[in-house]
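> The structure's right below; bear with me while I get my questions together.
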Amino acid sequence: MAVARVDGALAPGEGSVVNWSGQGLQKLGANLPCEADVHTLILDKNQIIKLENLEKCKQLIQLSVANNRLVRMMGVAKLTQLRVLNLPHNSIGCVEGLKDLVHLEWLNLAGNNLKTMEQVNSCTALQHLDLSDNNIPQIGDVSKLISLKTLLLHGNIITSLRMAPAYLPRNLSILSLAENEIRDLNEISFLASLSELEQLSIMNNPCVMATPSIPGFDYRPFIVSWCLNLRVLDGYVISQKESLKAEWLYSQGKGRSYRPGQHIQLVQYLATVCPLTSALGLQTAEDAKLEKILSKQRFHQRQLMSQSQDEELSPLAAVETRVHRTPECSSPGQDFQESEPVLQINSWVGISSNDDQLYAVKNNFPAAAHAARYSRNDLHLEDIQTDEDKLNCSLLSSESTFMPVASGLSPVSPTVELRLQGINLGLEDDDGADEFTKGLENQDEDKDKEKSLWDMSESCVEMLKRKISTEVSEAAGLLPCPKSVIISAALKEDTHSLTSLPESAGHSASRTEANSEEAMSPATSEKFPCRILTQRPAALGQDKVTLQKLNAAATKLQACWRGFYTRNYNQQAKGVRYEIRLRRMQEHIVCLTDEVRRLRKERDEERVKTFVQEEAVRFLWNEVRSVQAWQQTVEQRLASWPPDVPPISSTLASPKPPLFPHHQDPSSDQSSDWLVAEDEAAQGRSAPDFPDSGFHSSLTEQVPCLQDSLDFEKSSVESSENSVLGNSADTVKCVKDRDSEATAEEHSDCSRESSASEQDNTLLQQYLTSVQQLDDAAEAADSDDVAGDGKRHLACSPERFDASSDSETHRVASTSQDEISQTPENCQLNEEAQGQPPECDPAFQGLHVGVTVQPV
């Protein structure tokens, strides 16, 4: 179909074949040069998107538009006489336009984008339906197609066969379900209703594929136990051993006791009763018994075959030597039309070189031609496919192959039928053909099957040589032909050879003059005696070509067999292959080990990094929590600070303004040194308990406040003494109002006035000296002794007063002690600000630090 041509070799009135394959056509114009008598139109391998302008081809019987870009198929709706429609490998998404095609018998829609299959129900005459390699998820209703014989659904996404009994026609004989998504082997039970099913394919489904978790099992006997009339499964003829196992599973075993959903239980059972055996030594005792029974049966069948062959030799020789004496040369086409076809033979003819597809052609032969060519000597089973090819390729990957032939040659259309790989030649009306085929199938299972095939092929070649030489010699001696007739016949032969069918259909035995000598038997060629002399050189050349083809086929067979035998039975080769596998395995293990080590190292590094980050985050979180708790505590204490206490400065490093800016004397310098020492001592005591965090809550910040309080305490005592001695009462004035703003103003005025008072400066120096002594005593002694010492120091601190003022001083001190005892809450607040224990510091028990009295 690769070259565009118009086949006009048919008889007038029978129509013609128009082939426009590979012409780069994108559309079918209105001026389509298609005559009314065209019965076959081939448009393969173009760029056609839409079928249009086909209405004038009303007599069209066969249409092929494969490998194009069709999206819809409504263009075929008006071709009511169509019998063969070939539309594979397009982009058709829906089946349409088939309502009026009541004569359609052969439909191929493989390799499209179909999702349903119910739209073909209107084609009730359909016999062959190919819907492979689509997107069909479930079996559709095609029960109205009562004439359907072949249904191809491989390469889809079918998951269940539950609707098969209701949706599939009963007369179906060929069913392909390979390469789908059937996961339960028990689904095969739904095919038991197809009583005429002979060929089935279930391969490359998940339910029959080997998995590491499931032991190996042979599913073929189980399928045969449900489909009792099955002859071919997954492209291989069912052997008698498998039939016996299937019968045992059906009658005595548990083959039919499992239901859909029990796939695992079924597989485990089949692994025990039908295990996979790769060598003869692994066969069980039951298999050995079956093999013994079958070997005896094959022996008797071979004896019967040899007897039947001897009986047929004599009538075959008589037919071959019979010569039809006709007064003039007649064409093969005329003789064929005169002879009525009496037999139809379905045979394998080969593999297409372009599409790699298997197909069979239905041929019509006269009775004499059938008796001569298709004798039992020529019937034998050959399998040139190696085991590796069977494992690596799908036996049903082939699709329906369209081959146009003349409509007048066969009363039944379509003329192309699909058969699964491995089917042998079958004679439909011969009772002994089935027995012979079974004998040959069993013969292939023998240990010496190769020798028998070689002997049979050699005998066929020798017989062919003898027949050709006998016919040529007899024709040369008995039927001379004029020279002019020989030349004209030779020219006519060459002319018809140029217009013959494609090479892929060369063995289809079509009745064109080009391949009539190749397809017809020597007995058929005896009808044309005047053509024998013209064909003698061509016959000799064909013999050489045939011998070369046979030698090439034999070489290929021998190479395949030697390779298979070496790989499986040669110990040295098996050892080398085993070493290679071990080496590859070791290298793979080393590579995986390195990868695991690298991943483990990365994991450890990541773990260490994660641990460090977690520790850092945990440490920071603890710090934040401690700071937040400390800040909350400080804020609570500041909130509970009494309103009569002046605000405290938060900066220790801020310079303290001098108390005596105008009058500097040695006593003021010494007072400044004592103040600095007291500040440093207070900072040293508070540093271990409260680190500097930036908040205004350090204990050392209270030193100015304490100093002011002590200053005011001393001033009040001095003022009382001055009032007793007659000094001026205007020096110190107690302020009773404790308002915070008035206190701050009065404190600043008092500071300015006290800086100008030399007497107040002397009193402050004496007070600081007493405070320093109290601090030293507190560090050296326990709390009780320190408290006693503090009282004695406070009692005897003013040494410059005379005896008359001592009594007054003791009275003032006792008054101050009473005031201190009346304000324990203020002492408690000061101690909480410093972070000390609940009891007050004994060094400050004699001081009134909670009450601030500012002089005016």
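Glycine is no exception: its Cβ is also placed from the backbone N, Cα and C atoms.
Small disclaimer: the values here were computed from a predicted structure and weren't measured.
Taken from Swiss-Prot, the feature repeat 'LRR 3' covers 81-102. As annotated by Swiss-Prot, repeat 'LRR 4' applies to 103-124. Residues annotated as repeat 'LRR 5' in Swiss-Prot: 125-146. Annotation source Swiss-Prot lists region 'CCP110-binding' at 300-742. Taken from Swiss-Prot, the feature phosphoserine covers Ser308, Ser410, Ser497, Ser521, Ser755. Sequence annotations record features per position, and here Swiss-Prot assigns region 'Disordered' to 430-451, 498-525, 646-672, 737-840. The annotation phosphothreonine is assigned in Swiss-Prot to Thr534. The compositional bias 'Acidic residues' annotation in Swiss-Prot covers 776-787.
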> Mean pLDDT for the region 'CCP110-binding' (300-742), as a whole number?
56
> With DSSP as the reference, give the number of residues of the repeat 'LRR 5' (125-146) in helix, strand and coil.
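Result for the repeat 'LRR 5' (125-146), in helix, strand, coil order: 0 helix, 3 strand, 19 coil.
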> Taking DSSP states H, G and I as helix and E and B as strand, how many residues of the repeat 'LRR 3' (81-102) are helix, strand and coil?
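Breakdown, helix to coil: 0 helix, 3 strand, 19 coil.
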> Under DSSP, the repeat 'LRR 4' (103-124) has how many residues in helix, strand and coil?
5 helix, 3 strand, 14 coil
> When a 10 Å sphere is centred on the Cβ of Ser308 (phosphoserine), how many other Cβ atoms does it contain?
13
